[in-house]
Amino acid sequence: MATVLDSRFLALTAIVTIGYQLLFFIVTALLKFDKVTDFAGSTNFVIIAVLTLVLKGSWHFRQVVLSFLVVAWGLRLGFFLLMRILQWGEDRRFDEMRSNLGKLAVFWIFQAVWVWTVSLPVTVVNGSNNNPPLQAADVIGWIMWLVGVVFEATADQQKLTFKNNPENRGKWCNVGLWKVTRHPNYFGEIFLWWGIFVASTPVLEGGEWLVILGPIFLTLLLLFVSGIPLLEESADKKFGNVTEYVQYKRKTSPLIPLPTAIYANLPSWFKKIFLFEFPFYSRNLPRDGLNW
């Protein structure tokens with residue numbers, strides 16, 4: 001099938017993404033209904049993967065597998081987040097945006113950039129004519145995706161179960177995977193998208209290697225912008241004066257899973273450099289709680 005707009009579908013996927021996110025932005029702005037935000041982001045990945053696979057029409061095994069992995073992740077996460085927000089109520093991230101159209105628009109623009117950028121590996125693979133034999137990188141990438149998606153899905157379910165228990169009302173989640181990392185769902189998401197990139201590398205040539213910007217962008221986003229920083233700030237404000245929470249935070253890795261017995265005894269410089277324990281993650285804790 002003939003290529004559409006450009007040989008790697010970059011322009012096409014940008015237009016589709018902008019249009020899809022614009023549609024949900026209009027719904028949110030007019031109806032003040034922000035429960036579909038995460039659903040719009042996750043399902044946009046599904047649309048890009050399926051659209052580029054079908055339009056290219058070559059149906060190489062690698063293209064089908066990578067597309068399936070993205071679709072499976074996007075549908076699982078999208079419907080999970082939709083059901084969760086419908087159950088829990090309003091999305092607190094939009095408390096300051098509902099009456100501020102400018103801030104709301106910036107959020108949706110940023111979400112469109114996130115979707116398009118992180119989708120780059122599967123977009124370029126699906127648009128490529130290159131089809132080398134399966135390599136170790138393919139299998140390694142698929143395994144990374146599997147580990148990541150299981151980690152993310154398990155963490156999501158554990159937290160949902162924890163919060164739905166009335167006995168845990170007003171507590172922070174510290175069960176299951178949340179015992180070895182403060183953000184196991186983010187670890188899983190980062191790991192699975194690096195897996196998608198690794199699985200795309202046998203196809204990449206020349207400038208196509210720039211698709212590495214996808215997992216890099218996602219990692220930086222969750223580490224420094226809308227992921228861990230916001231949740232750390234919220235938790236510190238709620239539980240910062242609780243001794244048990246401060247101890248949990250001191251002993252538990254922010255992202256990479258590690259036994260607390262190991263993490264708690266590592267030097268602070270090692271945590272900062274290799275385990276992403278950045279000082280600004282704890283800027284909202286009482287000063288006397290920062291004893292690590």
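Cβ coordinates are placed from backbone N, Cα and C, and glycine is handled just like the others.
TrEMBL entries are annotated by machine, without manual review.
Some features that TrEMBL has for this protein:
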TRANSMEM  12-31  transmembrane segment
TRANSMEM  65-83  transmembrane segment
TRANSMEM  104-124  transmembrane segment
TRANSMEM  136-155  transmembrane segment
TRANSMEM  186-204  transmembrane segment
TRANSMEM  210-231  transmembrane segment
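Highest Cβ pair count under 8 Å relative to the transmembrane segment (186-204), across stretches 12-31, 65-83, 210-231: 210-231. Within its own chain, the transmembrane segment (65-83) has Cβ neighbours under 8 Å at 35-36, 38-39, 41-46, 48-50, 52-53, 119, 121-122, 125-126, 138, 142, 145, 149, 152-153, 156, 192, 196, 199-200, counting only residues six or more beyond its boundaries.
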